[in-house]
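**Student:** OK, Swiss-Prot features for this one:
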COMPBIAS  126-144  compositional bias 'Polar residues'
COMPBIAS  297-307  compositional bias 'Basic and acidic residues'
COMPBIAS  310-329  compositional bias 'Polar residues'
COMPBIAS  334-347  compositional bias 'Low complexity'
COMPBIAS  362-388  compositional bias 'Low complexity'
DOMAIN    7-124  domain 'Arf-GAP'
MOD_RES   T135  phosphothreonine
MOD_RES   T189  phosphothreonine
MOD_RES   K231  N6-acetyllysine
MOD_RES   T349  phosphothreonine
REGION    126-161  region 'Disordered'
REGION    295-415  region 'Disordered'
ZN_FING   22-45  zinc finger
Amino acid sequence: MASPRTRKVLKEVRAQDENNVCFECGAFNPQWVSVTYGIWICLECSGRHRGLGVHLSFVRSVTMDKWKDIELEKMKAGGNAKFREFLEAQDDYEPSWSLQDKYSSRAAALFRDKVATLAEGKEWSLESSPAQNWTPPQPKTLQFTAHRPAGQPQNVTTSGDKAFEDWLNDDLGSYQGAQENRYVGFGNTVPPQKREDDFLNSAMSSLYSGWSSFTTGASKFASAAKEGATKFGSQASQKASELGHSLNENVLKPAQEKVKEGRIFDDVSSGVSQLASKVQGVGSKGWRDVTTFFSGKAEDTSDRPLEGHSYQNSSGDNSQNSTIDQSFWETFGSAEPPKAKSPSSDSWTCADASTGRRSSDSWDIWGSGSASNNKNSNSDGWESWEGASGEGRAKATKKAAPSTAADEGWDNQNW
């Protein structure tokens, strides 16, 4: 890249000798120069000058290339106006020259020698210049044009070295291309040509990328499955150990202790005996209920609940009925103290077991006045209700007075 000193010198030179326009086409603000002649050219013309070869035109960039002091001196010695005036002053100059003819002419060779001599600080004269004997090449047919397609063969006859001409042709073909490629190398790259195998390469690359993605996902899935299986196995083993420990503590150890102490058979025998007693009690009670239902007899007093559990006191208040020895109907309206009766004395039709006679509460003696003479009759008959004397009623009332719980028999039925 040009140094600040180089930029300063070139800025001063540009302001002189019509250097602010292109020497070839007249474009404004040229950024390229031909150091050999000290002239300023544009970007397009710089490519054409490169095609001439460095022995005819050495091209440099004003801002992008590094400069030497001798090159700056050549720029001061040359210039657009100086070169044009020098060419027009020569006898062999023709305005219709092509670019190749112009810079291959004797006039151009003389000006090159002048610029190089002045840059070295020497005096130059036309008579003493070695370029006086310059003999330009004489081609049979001149095919050089400003825009020759790349790769077009050149039909020129050379008077110099054949190898040099071959190098010149190769250099010209590399720099002077077609119109669409003339900016190649200056920020504009030509896209590569598509080949037939590009499609296959792109397909294979897509296949490789897809397979890589699949393998990556499969490896991730396998690692996740492995981690899950390991975690599940650890949890299962932990639960199994906990279950085994609980079973050992709650079942096996107590059983072992009982076996050692000899208590396990006692526990088994006690459990079996309890179960048998419960089964026996349930079976006997069920059979007794069935036989009672079909025989029409009342339940035996031996199977009845204790006193205080009569149907008059079925509300369950045992504390109030604990002192009552007789049922309510046995003392209601009776003149004499009640006597003990057989278990079947509650029946209306059964005979009295103690006397061998029918019970006094039978319907056969309903309304009879001889209730007082029947001493062995049951006191809860209907005849006692009608035939009892006032004294009997008073005694019954007096007897029933202390037992307040018996008078409230109807109130305890929760009817």
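Cβ from N, Cα, C; glycine included.
How about a rundown of where these features are and what they're close to?
**Tutor:** The DSSP breakdown of the domain 'Arf-GAP' (7-124) into helical (H, G, I), extended (E, B) and coil residues amounts to 55 helix, 11 strand, 52 coil.
DSSP assigns T135 (phosphothreonine) to coil in the three-state reduction, outside any helix or strand.
Remark: K231 (N6-acetyllysine) has no non-local neighbours by Cβ distance under 8 Å and separation of at least 6 in sequence.
Note on the zinc finger (22-45): residues 10, 14, 56-63, 71, 74-80, 82-84, 99, 108, 111-112, 115, 182-183, 186 of its chain, located 6 or more positions outside it, place their CB under 8 angstroms from a CB of the stretch.
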**Student:** Across the domain 'Arf-GAP' (7-124), what does the pLDDT come to on average, as a whole number?
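**Tutor:** Reported value for the domain 'Arf-GAP' (7-124) is a mean pLDDT of 90.
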